[in-house]
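A.B. asks: So TrEMBL says this about it:
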{"type": "SIGNAL", "residues": "1-17", "note": "signal peptide"}
{"type": "DOMAIN", "residues": "135-174", "note": "domain 'EGF-like'"}
{"type": "DISULFID", "residues": "Cys139-Cys149", "note": "disulfide bond"}
{"type": "DOMAIN", "residues": "175-214", "note": "domain 'EGF-like'"}
Amino acid sequence: MLRTCLFLSVVLYCVLSQEIEETITFTQCTDGYEFDPARQQCRDIDECAIVTDACKGGMKCVNHYGGYLCLPKTAQITINNGDEPSQPAQSGPVVLPVVPTRPPPPPTRRLPQVVFRRTHCNTGFAPDEQNYCRDINECEVSNPCQHQCYNLLGSFMCQCDQGYELNRDRVTCQDIDECSFSNYMCQYQCVNEPGRYSCVCPDGYQLQGTRICQDINECETGTDNCREDEMCWNYYGGFRCYPRNPCHEPYIRTSENRCVCPSGSPVCRALPHSIVYKYMSIPSDRSIPADVFQIQATNIYANTINTFRIKSGNEGGEFFLRQSSNVSAMLVLTKPVSGPREYIVDLEMITVNTVLNYRSSSLLRLTIIVGPYPF
């Protein structure tokens, strides 16, 4: 029995896939044949002549008994004697057995075995029912990505959700530690979380927006624990309670924060005539030099000279009093200060009347509270 073997002398792009062998036996004409009533036998159909564009992609159509082949235009067709069995090709041309060259048998006889060999499509493609290579949508078939999957022609691409980045395998995702990017992500403390980060504030502060810490005024919110005879003073990061009546003998209280020593008392002659109590707060590690407080005379008389000085509370030399006019002076911070800490600075104004030969003094007792943080 003669057999026709086709040798393809072209180098195929894809490697040979597993061989798919189909043995077909009928008692009537098989596909590719039609019954010839005159000769009472099956005859081959020339698909290349009747099928328009039977082969795509510039391939040429070669008819053979029971079907047709689509081969490159440079393919060489070799007829091999069926008495000499064909040996499997080790390299180079590919051997495809086809149906015999003699006319097909009668319809009642068993038709010969037909064996087709196919090749796999490139990675990312698979043959369809018409044996065309179609793109595989990996995102629908296996969904290989941990987060988001985008199908591409012959491949796919993974993308991570916000706050994540792809690992080296380009499939799985790992969390991005945003807190490691900069020390300025948050004003106080940055906390990394899966897919995001958050800012937290210390006690006495609340988060304003996403990264700024704002002081909580406990005196206004009513969260202080001051007594009835105490006043609440808020500072950066907390509060303190001070007596509502700060006056001590021989001073008497004349207003909310003013104490006066009676002029008729012999003890008051060597003491400042009045003491005014003031409170203020500054953040820790404030830039220097910085003007922090201004003292000013409340009464102005003719022929008087006012002199300002720091009487006490400046043992560390953190402050300097700069007199700007005859009636005012500015307290300047000259050294960095860190909190929490409290300074009680006595600022004295000495008044001298050159006509009446009169001398007196008044005191401003300034309590400066340094907060524990630079905000």
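Backbone N, Cα and C define each Cβ position, glycine as well.
Heads up, TrEMBL stuff is auto-annotated, nobody curated it.
Give me the lay of the land around each of these features.
C.D. replies: Cβ atoms under 8 Å from those of the domain 'EGF-like' (135-174) belong to residues 122-126, 194-197 of the same chain, restricted to positions at least 6 beyond its ends.
Other C-beta atoms found within 10 angstroms of the C-beta of Cys139 (disulfide bond) number 17, with every protein chain shown included.
Confidence in the domain 'EGF-like' (175-214), given as mean pLDDT, stands at 96.
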A.B. asks: Apart from its near flanks, which chain residues at least 6 from the ends of the domain 'EGF-like' (175-214) lie with a Cβ under 8 angstroms of it?
C.D. replies: 161-165, 236-238, 372-373, 375
A.B. asks: Sort the residues of the domain 'EGF-like' (175-214) into helix, strand and coil with DSSP and give the three counts.
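C.D. replies: Helix (H, G, I), strand (E, B), coil: 3 helix, 18 strand, 19 coil.
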